[in-house]
Amino acid sequence: MTDLDDTAPGRTAPETRDEGLDARLVVDRGSFRLDVALTAAPGDVVALLGPNGAGKTTALRALAGLLPLTDGRLRLDGVRLDRTPPESRPVGVVFQDYLLFPHLTALDNVAFGPRCRGVSKAEARAQAAEWLDRMGLAEHTGAKPRRLSGGQAQRVALARALATRPRLLLLDEPLAALDARTRLEVRAQLRRHLAEFEAVAVLVTHDPLDAMVLADRLVVVEHGRVVQEGGPADIARRPRTDYIAQLVGLNLYRGHADGHTVRLEAGPTIATTEELSGPVFVAFPPAAVTLFRDRPTGASARNLWRCEVAGLETHGDQIRAGLTGELPLAADLTTVAAAELDLHPGAPVWATVKATQTHAYPA
Amino acid sequence: MTKSTRTPTGTVDGGPRRARLRGGTRTVPVPLLLPALVGLAFLLLPLIALLVRAPWRDLPEQLTSAEVWQALRLSLVCATSATLLSLLVGVPLAWLLARTEFPGRGLVRALVTLPLVLPPVVGGVALLLAFGRNGVVGQWLDSWFGITLPFTTTGVVLAETFVAMPFLVISVEGTLRAADPRYEEAATTLGASRFTAFRRVTLPLIAPGIAAGAVLAWARALGEFGATITFAGNFPGRTQTMPLAVYLALQNDPAAAIALSLVLLAVSIAVLAGLRDRWMTAS
């Protein structure tokens, strides 16, 4: 099995990484099957991004050893961990709601890991104090978790996970439990701590912003499978599924390119600047769409579609119009423009997009 | 809401409706109130009778008699030992039932709770058959180690443990089920073995539940009569606990029986006061 995996697509030669993470996680849970491959070098921060129920947390639990693998492999720094019990894995976990032990002080929470790994009580406490100091929590060492704010608790949880000096750090929705204002601040701190971390970090999130700010590489998981992988910029620019397109705020279509024209499966065509042939994706931002109530007379707009307003919602300081018709799409326009066009659900409109505003890439 | 009642129609409509609602929550239907009062009276009257008929004048003399202190001391020692024994094996048993999966777990759970509903006398007979001098286990204890359990103070402790431990197990298991098992997982990822996770994380988290279960078991052990008299007999100073002393005294010296009962009542009230926060306000 493993021999076959090593020659799987994307690998040119059987390769055994001596450093970092090399995993293929297969977990069967009833009708749900998770099957994702993950590799990362020391220092990498990888984000598992996906909708709820995609299997991200299952993957994380499998990495931590809290769920057994049905199949696949798990190697960390060249050591097989598939059958290693969780307490013996060099893995640290920051849980979504932190799970700080409520009966222990922040210091003893952080000292817990070193204590379990055989460090003397005094030494473990000294190490814990150092970690908390590094997290800017020197004044809160004696506090019980319930007296810590969300952001402080998050840092204690991070310190607790790091205090065992893991070779793999796992973070489950690290910012989900925080309110919007704290989140901004904690995200920046977390980014700094992750940048300092010398081993592999894998974080799970459904928030694309968290993923893009914190991670060097995104692995998008849907229905238990990896649907796209790459750098944040690449993913944001070239989404390959509707879910990702929606996350990064792009209109996305799949079609067949012939030169500068892409014919979509549903019928309409989109003119692009890229010259391609074969199956392609075309993406453009909602802000690139211009709406008219009457058919525009200008000859320049080749991308002209007859649509109908399906819904309107405020989107920041703009109005986002959802359109159906020849080409279902989202269009952003200013409140003033929306008022002038007298947009309302059911209103017929013409939508245009300049070819230069579209982006086509092979599917 | 307040705005609408200010309008003329609102005041007319809203006023009486609110009054009726308020009246509705106040009126208790007679078919419920009457049986409830009868029930309450039934529970309280015997206790009041105990207080009314208590030989208050002779009480100091009664309570300072050597027999009373002997019985009380034995009761406290045995009930406390039974509680400690229950803790020692009952908490791990509760953990096993709450945190692991094994075939027949439902059956084991049912068997653990059986002593709760089993007539204590039957429990005593069963204990005799198991640990009696000719019992299934008892004969070996006797011939190999020279240990005899029935009709000894140890026998009292065993009888009380048999009857009281299920209270502790049920209470602790409930607390364990309510406790978030992910704390144990978090401990595991920090390098704690399952036992370390239990000892350093789970145990402190469920301590209130264990304490409540222990008090409940202790109270049950203190009042234990049937299994004790069957398995351990009724020897003053050795196996005669307070309930046994009360029963015996009632036949010869009713005043002494009342005095002893008052002591047990006082202990019970003290226990209830200790559990006040947990059991009386929990509902």
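Note that Cβ sites are derived from N, Cα and C of the backbone, with glycine treated the same way.
Annotation comment: TrEMBL describes B:1-23 as region 'Disordered'.
What TrEMBL lists as compositional bias 'Polar residues' is B:1-10.
The list of residues near the transmembrane segment (B:30-52) in space but at least 6 beyond its ends in sequence, with Cβ under 8 angstroms from a Cβ of it, reads 258, 261-262, 265. The feature transmembrane segment is assigned by TrEMBL to B:30-52 (among others).
Among the features that TrEMBL reports, transmembrane segment is placed at B:72-98 (among others).
Sequence annotations record features per position, and here TrEMBL assigns domain 'ABC transmembrane type-1' to B:72-273.
According to TrEMBL, the transmembrane segment annotation covers B:110-132 (among others).
Outside the transmembrane segment (B:144-172) by six or more residues, the chain places 74, 77-79, 81-83, 85-87, 89-91, 93-95, 97, 112-116, 120, 123-124, 127-128, 131-133, 138, 206, 209-210, 212-214, 216-218, 220-221, 224, 227-228, 230-233, 235, 238-239, 241 with a CB less than 8 A from a CB of the stretch. The transmembrane segment annotation in TrEMBL covers B:144-172 (among others).
Counting only same-chain residues 6+ beyond the ends of the transmembrane segment (B:201-219), those with a CB under 8 A from a CB of the stretch are 79-80, 82-83, 86-87, 90-91, 95, 164-165, 167-172, 174-176, 178-179, 183-184, 186-187, 192, 268, 271, 274-275, 278-279. Per TrEMBL, the feature transmembrane segment maps to B:201-219 (among others).
TrEMBL lists B:255-275 (among others) with the feature transmembrane segment. Cβ atoms under 8 Å from those of the transmembrane segment (B:255-275) belong to residues 47, 50-51, 53-55, 58-59, 62-63, 65, 68, 71-72, 212, 215-216, 218-219, 222-223, 242-243, 245-247, 249 of the same chain, restricted to positions at least 6 beyond its ends.
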